[in-house]
Amino acid sequence: MYTIMNRYSVSRPIYSKRAFEEDNERQTPESRSFREKISIFLTCSSSRAKQVLKGLFPILDWLLQYPVKLWLPSDVISGVSTGLACCLQGLAYALLVYVGPVYGLYAAFFPVLPYFFLGTSRHLSVGPFPVTCLMVGSEVLALAPDEEFMLPGNGTSVNETGLVSVAMEVDVNARDSQRVTIASTMTVLIGLFQLGMGILHVGFLVRYLSDPLVGGFTTAAAFHVLISQLSLVLSVPTKSHSGFLSFAYILNDVFQNIWQTNVADLVAGLLTILIVMAVKEVNAKFEHKIPVPIPIEVIVTVIATGISYAVDLRSHYGASIVHSIPRGFVPVQRPKIELFGRIIRSSFSTAVVGYAIAVSVAKLYETKHDYKIDGNQELIAFGISNIFCGCFSGFVATTALSRTAIQESTGGKTQMAGLISALIVLIVIVALGPLLQPLQKSVLAGIVIANLKGMFMQISDVPILWKQSRTDCFIWVFTCISCIILGLDVGLLTGVVFELGTVVVRSQFPSCSTLGNVPGTEIYRSIKNYKNIVEITGIKIFKCNSPIYFANMDYVKEQLRDAVGFDAIRVFKKRNKALKKIHKLVKKGKLKFTENGLVPVAHMGVDNDAFDRERDPEQTESGPSEEMEGGPRRDIEVEVQVDWTSALPVDVTVPKVDIHSLVMDFSAVSFLDVKSAASLRLVVKEFMRIGVRVYIAGCDDETVRRMEALCFFDDMVTKDMLFLTVHDAVLSIKLEVSNGNVSDPMVDKISQMQIDKEPLPFSDDEDQIETYESQHMAIRGL
């Protein structure tokens, strides 16, 4: 057994909440009016102007102190390496958005420029990410499917009935133009959402996306990406599908047309997947020995482009190639505002997901390199970046862990590396783009699939979550399945609702316990968890480990009733019923008051039917009866004790109450609402009506202020019941018991009183009891 050698002893007064506040001079928090807050906010000074300027342009924090000779070489190497990866991933991820590859280059270039000035993270590589690209692509497919751009072709065909029909062809130019418009418009709307959330300082919304939820969502997104790229690897035609069970429809199209598989594209795609994944494993295994990761995507792309150009795979084997990557930029175009109403839901979910991914990656490097990121400023930075990118026909940008890892591992110190990576992308856009036109699309699809490995490996988190927290495991699995079946946007919303539901359920059924004392200490713990914990005679200590609000108040009351072993309402009602019957027996002369209490008259050999009209003066405390002015005689009150633990002279079973004090530990209760405050006040009064004194311990100042605002205290429930700790309350109770200030709950007193044969006041209280009961039930049923 482990023995504690170090001990400490503390001597201080027994503190109620009121006594502690008086002794330590509690300060009232300073509250400012709305006008004062506005005045302070609008106050202008040189220091405040400098602070605001640095807040809007975080680049000023490091650019003015940038050590060129020390950091610039590292940033250049990192920028070049990251830029090459950005080019290839931009080309590949454009396939997920169903736009031309050149627009992927735009998405890898334009967002970097605003983020360079506005972003707070020094290591993020801003650009496209497969999850957000797929979310945009799903909306693009839904609004611009191939079926809406069919035109009569030159050929004809004969169907089974012998009728000649004109072959239909897709108007590719019109379709691609409309898809670019939808993607860029959605990107602008995403940016507007992010900018608005940043200005309103609602970056906290991302906290509702827990790690298990994000893990399940990104794994489902990786599954959708894989399914969407199968048709490109196999080079088979598929129809446009999105939303509910879209993956099943795509797989159905793939298997129906599997016989059309292009062998050249299949071989190129499979080789790309295998080679890229193998070399990435080498990079990860020898990351501390290799100064710069092997740019395998670039190497594979260059080799595949050379082979395709040399062999002319398109002409000889029918391979599907990129075909067109024009030099330069397209003109700036305004978003198509009339589309906002149709894409608002998916745009908001994409905005939240993109921000969540970016912030989660940024926080990894914030901790590693010891600098601070501002969540709201990140929202503003990404919002402006996406608006800027969308106006130049790009699509949504966030970050990718793989690119950011390249930027950081190759020596990147600041966003100067990001700016240099943008220059590399710019060179490809204005000069080198056409050289990649012979590249097979299956190679780009293979690069996309190879980069999904990290997201698929998150499945290994499920057994770990099952052991650590089954609730989090259910969130992961439910979100993943929902996103696979319902689609990413609806599935994400469903996952968030399920996650919030688990929080509500856990708070609706909080952990409650009965506490006991470690003898000789001020330590109180659950009596179920320790053998050496003892309960204090006559005192019940109840603890609720959760905020108390309208949803869990009834459950807390049930747990309290189970802890004390009786229902205060039932005790009160049963006692009044017993007193009513006792009074009737007294009126009929079948019970008589003695020094020992109530004694049945029949046992004394007396049958006095006139007892209700005659009184023995010796049984009164104040002498004979007195004549009331202008009316009948009123008898003098006589108090007789009723011991509720002994056998009663009436046939009423009254529940036993074996405590005189109840202490409720509120140290874990962070807030109350209107319903819980009203119900709790009624509970306190219920116990007080049956002689059980109630004390509340451990409330912090904010909870007390909340109770005051909710009018919890009144003439009966006062602040004198509040104590600093459970031990303070227990010591105060023991002191009161030793001084005789606490009445014995086993004994109740009744008064023998007659007013011209009127019943005793308490015996005619049945209506009040029923009213009290109905009020109690009404409040509990709200």
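The backbone N, Cα and C atoms fix where each Cβ goes, glycine too.
Quick look at what TrEMBL lists:
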DOMAIN    529-733  domain 'STAS'
REGION    609-632  region 'Disordered'
TRANSMEM  95-118  transmembrane segment
TRANSMEM  182-206  transmembrane segment
TRANSMEM  213-238  transmembrane segment
TRANSMEM  258-279  transmembrane segment
TRANSMEM  343-365  transmembrane segment
TRANSMEM  380-402  transmembrane segment
TRANSMEM  414-436  transmembrane segment
TRANSMEM  442-466  transmembrane segment
TRANSMEM  473-498  transmembrane segment
Paired segments the transmembrane segment (258-279) and the transmembrane segment (442-466) in contact, 3+ CB pairs under 8 A: yes
Chain residues in Cβ proximity to the transmembrane segment (182-206) (below 8 Å; excluding those fewer than six residues from its ends, i.e. six or more beyond): 97-99, 103, 136-137, 139-140, 143-144, 333, 335-337, 339-340, 343-344, 346-348, 350-352, 354-356, 359, 375-397
Of 213-238, 343-365, 473-498, whichever stretch has the most CB pairs under 8 A to the transmembrane segment (380-402): 343-365
Outside the transmembrane segment (473-498), six or more residues from its ends: residues with CB under 8 Å to it: 131, 134-135, 138, 208-210, 212-213, 215-217, 219-221, 223-224, 242-247, 345-346, 349-350, 353, 461-462, 465-466
Leading stretch by Cβ pairs under 8 Å, where the reference is the transmembrane segment (213-238) and the options are 95-118, 343-365, 414-436, 442-466: 442-466
PLDDT averaged over the residues of the domain 'STAS' (529-733): 78
Leading stretch by Cβ pairs under 8 Å, where the reference is the transmembrane segment (95-118) and the options are 343-365, 414-436, 442-466: 414-436
Intrachain residues whose Cβ lies under 8 Å of the transmembrane segment (414-436), provided they are six or more past its termini: 59, 62-63, 66, 71-72, 74-76, 78-80, 82-84, 86-87, 90-91, 101-102, 105-106, 108-109, 112-113, 115-116, 119, 121-122, 124-126, 301, 305, 322, 325-329, 407
